[in-house]
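Visitor: Let me begin by handing over the structure; questions about it come next.
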Ligand SMILES: NC(=O)C1=CN([C@@H]2O[C@H](COP(=O)(O)OP(=O)(O)OC[C@H]3O[C@@H](n4cnc5c(N)ncnc54)[C@H](O)[C@@H]3O)[C@@H](O)[C@H]2O)C=CC1
Ligand SMILES: O=C(O)C(=O)[C@H](O)COP(=O)(O)O
């Protein structure tokens, strides 16, 4: 059994070497020759799995991506060719939701608004959208959901349409990239939609760059429209339009899902799916591999509730730092792919145990913040 996997899949050798002759490929190095006699191919979103790449894949029976999105895979071709495929939907849902919360609290801090008074719209209420809604529930922030496919399929949550969603204060995009079907998302926010937005609203795109028409966005900015947009994803990655960067409020290199947990869960879900395909019992579990988080956060309970939560979230994920690195490196070169490749280890809230430094007078405040922190995933020290 010959297995090829992307080197960017954490713990892949440990997971796959017991299942066959497992070898890694480096980003950008895969070609059709390398797929001769390969039985299983495991990728991340940076490898386009096309008919052309697979033209010499004489033995391929299973293709999997250790990512939620699968628009980089020609699934029609795989299905026509009798090749089983799998995408690790949900592997990094919590990571993206934590990125979005990091962005909202950072913007609230910079623009001096109270996030608890704002309404969030979650467009795309699947794995990521649901993980985000759970954190918003924990923080007691108001939100609406917009997901016509789920609504039509009978999902019992309550939904609004796109026009209503675009009136929310903070609009978060969590759809797949699709260009066919009844509800395509390609350029879902085009010129017409962007022109309806006001200077008091915020748009956060952490799904796929092409869901916002980037040329239309640049045009709005060039014409003087004030738009608060956070972009983790861009059209035409990694060769994005640099002209957009100075206008964007927070800019990152498609790393919203890049927690250690999110990436490693992708590997482990691919392993489980492949074992199932082979009719084998999975032997390995993600928990065997994840290291303990050593630098647990401490929070001062004499600060306001907002500041304590902001401090805590920023300790685990500082979006402003990623934004600074992005701007500095992108100013000098086409560093998009390199920033992603060398992204430092980031952990999810659930890895950390929080200690509160509390004077007696702050005890009630501490209890309130600790309850909220626990409800968004943190462990609380006794
Ligand atoms: N920035 C990053 O690092 C990451 C980006 N992603 C992207 O986010 C996307 C969503 O991820 P998941 O939640 O795991 O996928 P999912 O498939 O669980 O959820 C997507 C939801 O979007 C809905 N949807 C589809 N078309 C829609 C439309 N026109 N309007 C509103 N909703 C629509 C679907 O019904 C579904 O419920 C992925 O497809 C991927 O492209 C995912 C993880 C990490
Ligand atoms: O899961 C997805 O979908 C994503 O967008 C991933 O976070 C992308 O990560 P890479 O595969 O590009 O490292």
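Backbone N, Cα and C atoms are what each Cβ position is placed from, and that goes for glycine too.
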Visitor: Of the residues 117, 137, 147, only one is listed by TrEMBL in the NAD(+) site with 175, 232, 257. Which is it?
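Guide: TrEMBL names 147 for this NAD(+) site.
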Visitor: Check each residue in the chain of residue 67 (substrate binding site) that is at least six apart in sequence and keep those whose C-beta is under 8 Å from its C-beta; list them in sequence order.
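Guide: Listed in sequence order, they are 44, 45, 87, 88, 91, 92, 257, 266.
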Visitor: Write out how many residues of the domain 'Erythronate-4-phosphate dehydrogenase dimerisation' (289-357) are helix, how many strand and how many coil, based on DSSP.
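Guide: Computed counts for the domain 'Erythronate-4-phosphate dehydrogenase dimerisation' (289-357) are 35 helix, 8 strand, 26 coil.
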Visitor: Just how many other Cβ atoms lie inside 10 Å of the Cβ on residue 208 (active site)?
Guide: 24
Visitor: Calculate the distance in Å between the alpha carbons (Cα) of residue 254 (active site, proton donor) and residue 232 (NAD(+) binding site), and round it to a whole number.
Guide: 5
